[in-house]
Amino acid sequence: MKVLVAVKRVVDYNVKVRVKADNSGVDLANVKMSMNPFCEIAVEEAVRLKEKGVATEIVVVSIGPATAQEQLRTALALGADRAILVESAEELTSLAVAKLLKAVVDKEQPQLVILGKQAIDSDNNQTGQMLAALTGYGQGTFASKVEVSGDSVAVTREIDGGAQTVSLKLPAIVTTDLRLNEPRYASLPNIMKAKKKPLESLTPEALGVSTASTNKTVKVEAPAARSAGIKVKSVAELVEKLKNEAKVI
Amino acid sequence: MTILVIAEHDNKVLAPATLNTVAAAAKIGGDIHVLVAGQGAGAVAEAAAKVAGVSKVLVADNAAYAHQLPENVAPLVAELGAGYSHILAAATSNGKNILPRVAAQLDVDQISEIISVESADTFKRPIYAGNAIATVQSNASVKVITVRATGFDPVAAEGGSAAVEAVAAAHDAGTSSFVGEELAKSDRPELTAAKIVVSGGRGMQNGDNFKHLYALADKLGASVGASRAAVDAGFVPNDMQVGQTGKIVAPQLYIAVGISGAIQHLAGMKDSKVIVAINKDEEAPIFQVADYGLVADLFEAVPELEKLV
Ligand SMILES: Cc1cc2nc3c(=O)[nH]c(=O)nc-3n(C[C@H](O)[C@H](O)[C@H](O)COP(=O)(O)OP(=O)(O)OC[C@H]3O[C@@H](n4cnc5c(N)ncnc54)[C@H](O)[C@@H]3O)c2cc1C
Ligand SMILES: Cc1cc2nc3c(=O)[nH]c(=O)nc-3n(C[C@H](O)[C@H](O)[C@H](O)COP(=O)(O)OP(=O)(O)OC[C@H]3O[C@@H](n4cnc5c(N)ncnc54)[C@H](O)[C@@H]3O)c2cc1C
């Protein structure tokens, strides 16, 4: 079974981003970029499926600038077999990304596509569901457990009230939640080997996909700052403040 | 303009998040219709008809919709929603699961988790874990939007008298089936609807110690939340996680106990009215957003707090 994994290059989760003075976006000059944490979990899940003998080939795909090759090489070092970069310098919406991924799915015909549930930059939480709509496949979003058996996959999902399990016919789309697995680190020999693994570059034009958008970002601002309050000296003082000053208990 | 709001429910009860979503629809302006897709959800439709500001309730009653499987519900919403100016759903795990699938079927971009309505086509939404707020404008013929409940005060659950109409459309894609679910049972208020939330982090050390927080919460009529570290360590179940990738809460009072205040955690609670932090490390970043900080050992402070409130 072939597994396709989508990985996104994003600001590292430790970076506290700053809004640009002209409110056109956030300042990404000279900040550390990494693979989206949920995408790391997606790669790890695919590698585990391969180690179990369920997956035979892992193809990773990223849509983004040429520098997204770094994240693809990381995925190759973690155990993916080959990589595809769909190069696009512009910021694409989730729908545009999903359309490009659909074109890659048509070309590669994977049985399972694994994505992160959410990219920590735009926090959209859309792409997997949109890809499922465009392909007509079933979707197991926010997965905490994935079990492939025969021509179906059982996905346990983290939902507001607890957990839900659904069964999907293959091919299917899965998006990862935090507790699906704990991603491994790439070893140095594997990082070296990854440099020789195949990485193909494509363009939206070559895939025949229009990335036009119905959304426009008007401006990006810093959130209203919350200022630090006071330190209380004792539990008694805290209770007094909550009762008489804040009046919340 | 007519707006379609997707009801959030479990076939028995209309979830409160629907009231915040209707509030967002009212800010946009125009007629508001509510879709109840489910099985045997008559009581939900009745409740939806009473919600202030709703003029019509559409009921799609079919076994295929019983568990809100997106493969079946999204085509229904896309078919019905195509004639509306906006389709809105709460940004719950269910709304997030279904709505992007609807947007892609309608070939429009979705706007996720809006926190304010600037005009009928322009909205604000947090990005980068709330470290930036984007103003987004949509020129889509149907605007597909999820609504963050904490951004909008709920409309009244009573006072309306909308017409209830059955819709015949049945979609069963046959690609997915429901296997089972494990729902947490709790007598405490729901995390995202509670007026007071007491949350514990890694500092709690183990699941058993959460009993101190439950005791405090029960005295305050509060709900109990947790940081990701506490969930990952297995102290408490995942549905208690507050943060960028957990639940977003904005209660009157949020008490963070043994939580350091990572940006991913702050993203889920920093809009709370009053924040209290109890932490033994006076340098902990949580104190930068706390209205009242107490530098203390939680194992002494929490039992004492429970006694005094
Ligand atoms: C300031 C600013 C404002 C923006 N405003 C908007 C906006 O309002 N609306 C909007 O739709 N977009 C906006 N974008 C674009 C946005 O950054 C994303 O590139 C785009 O929306 C994709 O969505 P996502 O990454 O949040 O997807 P999600 O749905 O959150 O991502 C889920 C998963 O999809 C996969 N995936 C997503 N993108 C890629 C990719 N490029 N390559 C491979 N896999 C991928 C990954 O597996 C990822 O984990 C904005 C960007 C900036 C910088
Ligand atoms: C992609 C991604 C998504 C994430 N999403 C979330 C999310 O949604 N929610 C979330 O919470 N986190 C999230 N995180 C994790 C986040 O980065 C932090 O790791 C986490 O919030 C830390 O939890 P904590 O504060 O409980 O633990 P720690 O950072 O370990 O803090 C424990 C605190 O307890 C204090 N303490 C210890 N003992 C005592 C005592 N006896 N008395 C008083 N104080 C004591 C310590 O001083 C310390 O400040 C995410 C991370 C990533 C990468």
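Numbers run from 1 along the shown chain.
Placed from the backbone N, Cα and C atoms, the Cβ positions cover glycine too.
As given in TrEMBL:
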- B:3-182: domain 'Electron transfer flavoprotein alpha/beta-subunit N-terminal' (DOMAIN)
- B:Arg202, B:227-228, B:241-245, B:258-265, B:Asn279: FAD binding site (BINDING)
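DSSP assigns B:His265 (FAD binding site) to a helix in the three-state reduction. Proximity to chain A, defined as a CB-CB distance below 8 A, holds for B:Gln244 out of the binding-site residues B:Arg202, B:Gln244, B:Ile259, B:Ala262, B:His265.
In this view, B:Ile259 (FAD binding site) is surrounded by 31 other Cβ atoms within 10 Å of its Cβ, with every protein chain counted. The Cβ of B:Gln241 (FAD binding site) has 27 other Cβ atoms within 10 Å, all protein chains considered. In this view, B:Gln244 (FAD binding site) is surrounded by 23 other Cβ atoms within 10 Å of its Cβ, with every protein chain counted. The number of other Cβ atoms within 10 Å of the Cβ belonging to B:Arg202 (FAD binding site), over all protein chains shown, comes to 16.
Every protein chain shown contributes to the tally, and the Cβ of B:Ala262 (FAD binding site) ends up with 19 other Cβ atoms within 10 Å. Per-residue pLDDT, averaged over the domain 'Electron transfer flavoprotein alpha/beta-subunit N-terminal' (B:3-182), rounds to 97. Under the three-state DSSP scheme, B:Gln241 (FAD binding site) falls in the strand class. DSSP gives B:Arg202 (FAD binding site) a helix state. All protein chains included, B:His265 (FAD binding site) registers 27 other Cβ atoms within 10 Å of its own Cβ.
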